[in-house]
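Working notes, beginning with the structure itself.
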Amino acid sequence: MSIFRPLPTLTISKKKKYLQASFIKLAATSIFYVSLFLLTFSDFLNAQFDLEQRSAVKVGVASGTSLAFVILVGTAFLIDREFRRLLLGKTGILYGAVVIFYTWMGWQLFGNSIDWIRIDLSVCLWLIGGLAMFRIIANSYRPKIQLTSLVSVSTVFIYYSISLQAERMNALANAGVRERIIDWNTWAYSSLLLPLTGIALGVLCRQGWFWTISILGLVAIHLYSLGFLGATRSVTLSILTVVIFSAFGLSYRISNGVLTTTSSLKQSRRLIYLLFLIGIFLVVAVFFINFEQLFADIFQNSLIFERLFNPEHSTGRSSELRIEEAIGGLQVLQDEIEFLFGKGLGATFFSVLDYEINAFHIGILTFLLKGGLIMFGFVVFILYVKLPLLFIKSIVKPHRLDYLKRTALLTVLPGVFGWAVLLLLSGGYSQFNSLGIGFAFGAYSHIRKHGLGIFFE
């Protein structure tokens, strides 16, 4: 007698899992765009007003950024196991303990202002917000579209805001040549874009001409808006850093979601072809292009050229002020204990322009102010020693690293290096900086385990 085993339960189970996965993807996609709107709508509205007339636009009693943070973190915690693992694991608990310790130190030991503590705490928490945003994108439909949307909206805002500011200054015709266009909000979005751009270049430039032209076009708009119109040296050098380091990763082919170990730059046929094209270009250039005049028209007459290559004429005082600010600001660390442990979250100082501020223009020194030599040394070691050595090892000795880890390093680190350059030059300590770095950490953690597969769906 045969035993009959019906299968409806198995069929229903598969269908239920499919519906559940589809619901999660739909929810994640919707939450991402709602959060993106909440993050940016206030800045788009404020871009229409002068810098002095701007104010935070609230939704009820909370700002859009606060609501976006709650929605991102809450949703990621509910729907994503990996986010819960990272947040409740050793790394998350250690990070939380450090933040709580420095919050307590600033509040109880040094009596720092609650308002300044709240601002610093927001910067720390947005690292988690950035991680949550990546996990939301990873669970969404076609993650590369959400990544492109995030880069696109941020870039469009920069161009939109800087253009309106130029019009208000009646300087649109002379922008970048005689007038430097300054808009503080655009710098925040620029710092957010650095890690995102590195990841987007590493992913989208492998997916055909449409995606390649799209991401390179967005990078060009970013560079034009703040590099040329804004004549901002730190942004220009940071973007170039991201692009240059991304080129190394892009020289490797991708196979099954991971980078191979053979670089196209090492293939003699491609190298000969590249040199041949360069040779043709040089021949044409010598006979048909007046490079001296072209270079003068495009670069030498611009403010960014003067600020980069003739700083003694245009930015000498600016550099002096940053050094004076650093020397004066660090004097608030009055003894060896404060120098070793810092003054905690909420620590401030008076700038050389006589206003209270919580971060240095030379952003890396902010870690010394708040976390002392311990935190400062840790950040410097990671950003300027360990990560560059890992990147070099990924290129020079590719077989010595796990292939997934190597793929993650070559894809994510170019954007992190852009932030590292920014910290040395100007800024790098803000909510949007933390959002970008948290996003990069999320991307690294995912690629380290699963490769680049989700970006090719």
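For all residues, glycine too, the Cβ spot is worked out from N, Cα and C.
Listed in TrEMBL:
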TRANSMEM  21-41  transmembrane segment
TRANSMEM  61-80  transmembrane segment
TRANSMEM  92-110  transmembrane segment
TRANSMEM  116-138  transmembrane segment
TRANSMEM  145-166  transmembrane segment
TRANSMEM  186-204  transmembrane segment
TRANSMEM  209-231  transmembrane segment
TRANSMEM  237-259  transmembrane segment
TRANSMEM  271-291  transmembrane segment
TRANSMEM  359-387  transmembrane segment
TRANSMEM  408-429  transmembrane segment
Margin query: Using a threshold of three or more Cβ pairs below 8 Å, and leaving out pairs closer than 6 in sequence, do the transmembrane segment (186-204) and the transmembrane segment (116-138) count as in contact?
Written below: no
Next item on the list: Using Cβ atoms only, state whether the transmembrane segment (145-166) and the transmembrane segment (186-204) have three or more pairs under 8 Å that are 6 or more apart in sequence.
Entry: yes
Next item on the list: With pairs restricted to those 6 or more apart in sequence, evaluate whether the transmembrane segment (408-429) and the transmembrane segment (237-259) have 3+ C-beta pairs under 8 Å.
Entry: yes
Next item on the list: With the transmembrane segment (21-41) as the reference, find which of 61-80, 92-110, 237-259 contributes the most Cβ pairs under 8 Å.
Entry: 61-80
Check: In the same chain, who gets a Cβ under 8 Å from the transmembrane segment (61-80) while lying at least 6 residues past its ends?
Finding: 24, 27-28, 31, 34-42, 87, 125-126, 128-129, 131-133, 135-136, 138-139, 431
